[in-house]
Structures are given as structure tokens and as C-alpha cells.
């Protein structure tokens, strides 16, 4: 008889209260009417009800809803994507305006089937949002675009307020966790983004609970700082379906608090760490606090 798989029980601190008020329902209806996708829904984010119903924010996912990769932690659909929708940038910009966002996050599925990795549509979405929403800060969260410098330059030339690219996991686990991605290529992507536009903050996220050690987490912090990453987020990995990688450990909130302090001591201008933290969670607060910390640091250096 086959041995039944053992699963780590989800702790109480990961239980959340769902809030599906009229704001949440209205935003969901608008997304469907405009044929837009959000990573909040596609990736089964645990914070969707707080962000949509309480904070009235969302992370737009462009370039369709089918990814060319099949990472073992991610719930986004995989397969052969549809053709590009060239009207998508304007629909995103209009939705940002209707929602009255002060900070918009734009992410995308990986489009390894496209020569430019989708960089052209990504850049046009940034420009479209800025034209209609001049006071809205814009954060972009692209794939590694297969490490293509020209594609990254296309995106950086659009001048987003933050370039976010997630390292996702520690070096040792990357081959098992991230399909068609490498740890070193992600670091290089972040380094090159900073070299192209030194004044644009860079950001990366690490999910933990996949079997990494504390030393490996700290090593990842050091690697990100060595490549001039400014902002870091650390969150608990949650298994989206039984087909995905199992959770090896649920970290206690106190452990996240300790990791945050370590990250800040390494020189990150901001670190958000907690069981339910995701790359885009409270992103508006992250960019504001990071700017304040950086200005204070520059002022101290001059004195």
C-alpha cells in the first residue's frame, strides 16, 4: 500500500477573513468588462480581498493570461499564449483612472514566444498609464525576458517608478522551483536595470518555506544587495494546488520580523516581510517609505 503524503498543517496566523463588499464586486466586474487580468486572481493571492475591498488596489497582468513557463510554485495557466492585444495598454490606463490609483503595479506572464518578450507592450502600458494618470506612480514586474538586454532597455526607457523582478527562491532550489529561469540571470537582470537607469529603485521578492535554510536566505539578501537592489519583500510560500510544490515549513511571524531586521541591516531601503506578504502587497507604502529612507540616507551622507 502506497504511503500517504504528509502535508504540513497551515497555522492559525495564515487564516484570513474574506471581505467581498461592493468595492470588491465592482472591481471584479470592471476587470471582466474590460477583458483585463490580474495576478491577484490568476495566482490565487491570499490578499486579494484586502487589496480589492479595503485598499482598492490591484496588480494588472498584461500580455494575456497564459504563461510560456510552468514554474512549480505558480498557479497561472501555462501553454501556448494568444496573439498580443495591442489595445490592452489603453484599457489598463483607463482602469487605473477609474479606480483612482495612486500606485499601479503592472506585471505579465512570461512570453518566451515573442522576440521582444513582450517588452514593447509592457513599455507602452507604462506610457499609457502615465498619460492618463500623471500623478500615479508605476511599478513594473516583468519576467527575466530571457536575459535580453535590448528588451530590458525598451522597458527601462519607459521610465517606470520601480523595476521589480523576483528572485523567488534561493540559489540551490532555483532549478527545481523556477522553469526556464536561472538564479544568476535574475541577478544580472536586476543589475543591468540599475545600470541603465540608476535613479530608478529596483526591487525583488523571496518566498520561503520551500526547504531553504536561514543561511541561504541571508545569502540571497547579500546577492541582491551586491547587485544594488533597493527593496526586498519576503513572504510565506503557499501551495496553490496539490500539483504544485509542497510547503516544507511555515515560518512564524517572529521569524519574519527577524529577517526584516537582517535585511534592513544589509542596506535595503525598505523590506516588507510577513506570512502574507507578496511582491505587490502594500506596494504603495513600500515605494513611499523607500523614497523617504533614501532621501534621509543621502542627507546624512552630505552632512
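Any Cβ shown, glycine's included, is placed from N, Cα and C.
According to Swiss-Prot:
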- 40, 45, 51, 280: [4Fe-4S] cluster 1 binding site (BINDING)
- 67, 71, 74: [4Fe-4S] cluster 2 binding site (BINDING)
- 53-269: domain 'Radical SAM core' (DOMAIN)
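This view paints the features noted in Swiss-Prot onto the structure.
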residue: 67; record: [4Fe-4S] cluster 2 binding site; CB count, 10 Å: 23
residue: 71; record: [4Fe-4S] cluster 2 binding site; CB count, 10 Å: 19
residue: 74; record: [4Fe-4S] cluster 2 binding site; CB count, 10 Å: 23
residue: 280; record: [4Fe-4S] cluster 1 binding site; CB count, 10 Å: 29
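Look at residue 67 ([4Fe-4S] cluster 2 binding site): DSSP puts it in a strand. Of the recorded residues, residue 71 ([4Fe-4S] cluster 2 binding site) and residue 280 ([4Fe-4S] cluster 1 binding site) place their C-alpha atoms 19 Å from one another. Cα of residue 74 ([4Fe-4S] cluster 2 binding site) to Cα of residue 280 ([4Fe-4S] cluster 1 binding site): a distance of 15 Å. Reported as a whole number, the C-alpha separation between residue 280 ([4Fe-4S] cluster 1 binding site) and residue 67 ([4Fe-4S] cluster 2 binding site) equals 19 Å. Per-residue confidence over the domain 'Radical SAM core' (53-269) averages out at a pLDDT of 92.
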